Each structure stands twice: as C-alpha cells, then as structure tokens.
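Peer 1: Here's the feature list from Swiss-Prot:
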type	residues	note
DOMAIN	72-260	domain 'RNase H type-2'
BINDING	Asp78, Glu79, Asp170	divalent metal cation binding site
Amino acid sequence: MNKYTVKEIQALLQQIDDENAPLFKEIVQDERKSVQKLVARWYKQKKQEEQAKRQWQEMSRYERQLFEQGIEYIAGIDEAGRGPLAGPVVAAAVMLPKDAYIPGLNDSKKLSEAKREMLFHMIQSCAISIGIGVVTAAEIDEMNIYEATKKAMIKAVEQLSPKPDYLLIDAMTLPISTPQQSIVKGDANSVSIAASSIIAKVTRDHFMKQLAKQYPQYGFEKNMGYGTAQHLEAIRVYGTIDEHRRSFSPIKEMIEMKKEGKEYDQTHRQSIAGFSS
C-alpha cells in the first residue's frame, strides 16, 4: 500500500463511501500510523453522517406524513426573542422541499453560533420560501409578549409564496384559516420548525448586533437583550432606549423606582438574578 503517499490516501478516502470497497480494504492494511489515523477519522466521519441521517429521518416524520397525504407546501414556524428585556420578537416561517436534506439541523438553542450561521445559509439556499415577521418592543408593551409572538408568526406566514397548505408550529396555535398543528418542542421534533427556529434566531441576533453599534453601553452583541447583570447595570446607569420592553420585569420596577426617586440598589439586582439568560 506504500505505493500511495499519505496525502494521496487522504484524497482517496474522501471518495470512498463503502468500507467494503476493495481500495478501502487495501488502505486499512497500511500499517503507517498516519494512515491509521486517517482511517479512524474516516470511520468517525461516516458514523456522524449516519447519525445525522437518522436524526433527519426522526425529525421529518411530521412532514413525511403530510407529504404522503398529498399536501405539497408545508411551513414550519418558530420564534426567537420572547424572553429578552430588549429588542423585537422575531418569527420565521420556512417551507422546505420534499427532498430536502440539511445535515445537522436541530433546535437553534442546541447549536453554536457558528453552526447556526452555517445552517442559516444552507436553509436559505434550500428553502422553497422563507417569511420573517418582526414585532417591536413598543408593540410588545402594548399587547403582551404572547399576542406579539402570534402577530409575528402571522406576519411571517403572510410573506410566504406560494401560500402554505399546512402549518407546523412550535407550541402555538394561530387564529388563521390555514390547517395547522401545534407541536410541543417542535424545534427538536420537526425539520421545518427547526429550520424556522434557526432563521428566526440568526435574524434576531443580526439585528441585536447592529443595535449594539448604536448603543454599545448595553452589550447587546453579547446578551442579545437578555437580562444579564451587565445589561441591568447599564440600564441603571444609562436608562432605557426605545428597544427596551418597559412592561417587562425588572425594567418596569426600575422605571417606577426612578419615578419615586429611589435607587435601584444591589439588593434589587440580586432579587432578579434569575432574569439572566
């Protein structure tokens, strides 16, 4: 087997999919440590690929059932930003084709930022259509976060073209006529919802990073609007901006205390430590 250099073997392994291939069996017999490392890496990669395929099959079961019923356009819907103290709530609706395969797709919360960004672009390239719905902090204060989330989701659905035949929604029911199913933990159980969770999360993160350039004192590029200790301290020192949700605790209490001429002290900060995320 030494007729091949290690670099050549590395290139050959990238072309082999079956461990029963004659060439692979020949490579396995090569006793050079560097070659054996390449073989071990090949097995690890194939194992990861098989796991990704199994995960895709498991997460595609809702979509498969609908496709088998003759339903053509299925949209997954999810949101990002229900819990933060600042920024909008963003919803996404994503329609994937029947033959879609995006390995590694999962609930956005389980993925690193780099992985989310990579999948974000893969979804954009693969999807039949993507809709984005944004509801501002001011609107959230007017109607409450639950109603604001529904509004964002409906706005996202309305952007889809062609119009969806069926909706798969993460733990929510929408007051629209399109047939739909609410799925608990949908972003971990449906590829369409998982795709929408990534689109929503990355879209919102991009918005918050841009907002951080305008208001660097709040650290939005790191906390994404969540109530970290640094963010709460910045609110105490600099006050709020239009993107802050004044109906959310502890901002609501901080504003009331300021009106009363009271200082938001360390005791209060400790009492709301659970608001960090």
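A Cβ is built for glycine as well, from the same backbone N, Cα and C atoms used for every other residue.
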Peer 1: Kindly assign Asp170 (divalent metal cation binding site) to one of the three DSSP-derived states: helix, strand or coil.
Peer 2: strand
Peer 1: Within 10 Å of its Cβ, which one of these binding-site residues (Asp78, Glu79, Asp170) has the largest number of other Cβ atoms?
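Peer 2: Answer returned by the neighbour count: Asp78.
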Peer 1: Determine which residues of this chain, when Asp78, Glu79, Asp170 are set aside, have a Cβ within 8 Å of the centroid of the divalent metal cation site's Cβ atoms, and list them as they appear in the sequence.
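Peer 2: Counting only non-site residues, the set is Ile77, Ala80, Ala91, Ala92, Met153, Ile169, Ala171, Met172, Gly186, Asp187, Ile193, Ser196, Ser197, Ala200.
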